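Below is one structure, written out as structure tokens, with a few remarks after it.
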């Protein structure tokens, strides 16, 4: 059953909600809120349609629609912020920074912890929002909310672990002091595939460091960012510290340019495509801003002859089909050694047929939701057709799902070659292409033959091989006999054109801190 968001106004007494699909008249001058009438219902306070700037819910001159990717139904409309709204949000964040940076680390820690507590208290509603606007299965959405909240918990603790240094210099009457100070206003630009976790992973670190933020969420999934704003406000995060400016696809370019060029912004943190990242880097270069970027991936998944096949198949399922293959670290290229190839392909196909169920994310038992939009479906379809035309074999799947719309069958291809689009381009969909290889050196060469290097996976029971391959793979993160590698305690990021900097872990907060050296003389 599809969930439907309806924008409406609330009277002080809050009358009973109308039936799904119907609107009540809106009293003039009241703030816009949203509600959803879906499985279990949703708490109305979490569903907002306005921007959140300077601690206030503000409309924009225009709105844009948000759609349920599973049904195509309109969920509601959200403020379509443009250049004036973006500049106002930056100014609000800048004004708030002057006081927020002076708040004690203990108080910042307590506020982040309170925000975490509120996320946990509202985890079910937050998960339903994710499923409604992104399409991912509710169970996965629930997992994302817990993962998302953990970043707030983690950085609430890291706020109290921002340490400096005292250095004894070569001069007897001098000492060097090293201080860490917040960089300033951070512009946070996030993707649709993890609409909550990608915000808290960045914002948690920024606020813990003493920075203020302006968040521009993806146009497909703005409700999650606005729900987080509501909870941040309830937690007591001061006005202007956390700002959200949703905008449509048509205005994304101009808003992004403002965030990258405004002199009041000191830091850019972006998760998205490599192509968009390059554009933002170009804009940020003119004012030499601090930049963190988590960009595209083309993750190799290597299975060596020594691997435990069942374990490798389980890892492949976890790595490839989470969020229907729409994750930046999901396996894009499967490289399987000749001696184990046929067994792996057979068991992988069996696991896919047995375990994967395509459907609406709210339906019990669904493991594969829709792709985010028609363009995403067309990309997967194009890659499958290209591979088949060049000689690949469809083992299972291979076409749009019978449900129609944005659904695509989980697909396994064999007899794949390196010249196929599914090997050279990131898929971001439920497509698993398998290449057969003979030698370790060959697999490593294929894996490293990419301009990007975010994550990589391999399965082996040979200790010497494990050390060699882990060191040789040109990626920022490696999964050894493991298909799920993300953890709040560990650094997340890539090499080559997969990005700059690291998020999460003890290293994540450093992305929002400047190191200042003070020479103390005359001692």
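Glycine residues also receive a Cβ, built from the backbone N, Cα and C atoms like all the rest.
Copied over from Swiss-Prot, here are the features:
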- 1-35: transit peptide (TRANSIT)
- 74: N6-acetyllysine (MOD_RES)
- 114: N6-acetyllysine (MOD_RES)
- 114: N6-succinyllysine (MOD_RES)
- 172: N6-succinyllysine (MOD_RES)
- 201, 216, 217, 218, 219, 272, 273, 274, 275, 276, 277: NAD(+) binding site (BINDING)
- 201, 322, 486: substrate binding site (BINDING)
- 253: N6-succinyllysine (MOD_RES)
- 328-330: disulfide bond (DISULFID)
- 347: N6-succinyllysine (MOD_RES)
- 347: N6-acetyllysine (MOD_RES)
- 353: N6-acetyllysine (MOD_RES)
- 390: N6-succinyllysine (MOD_RES)
- 399: N6-acetyllysine (MOD_RES)
- 403: phosphoserine (MOD_RES)
- 487: phosphoserine (MOD_RES)
Those modified residues, out of 253, 347, 353, 403, that come within 10 angstroms of residue 273 (NAD(+) binding site) at the Cα: none
Mapped DSSP class for residue 347 (N6-succinyllysine), helix or strand or coil: helix
Reduced DSSP assignment, residue 74 (N6-acetyllysine): strand
Recorded substrate binding residues, 201, 322, 486 - maximal Cα separation rounded to whole Å: 19
Recorded positions listed as 275, 328, 330, least Cβ neighbours within 10 Å: 275
Residue pair residue 277 (NAD(+) binding site), residue 253 (N6-succinyllysine) - Cα distance, angstrom, rounded: 12
Integer Å distance between the CA atoms belonging to residue 172 (N6-succinyllysine) and residue 328 (disulfide bond): 52
Same-chain residues at least 6 apart in sequence whose Cβ lies under 8 Å from residue 486 (substrate binding site): 147, 329, 492, 504
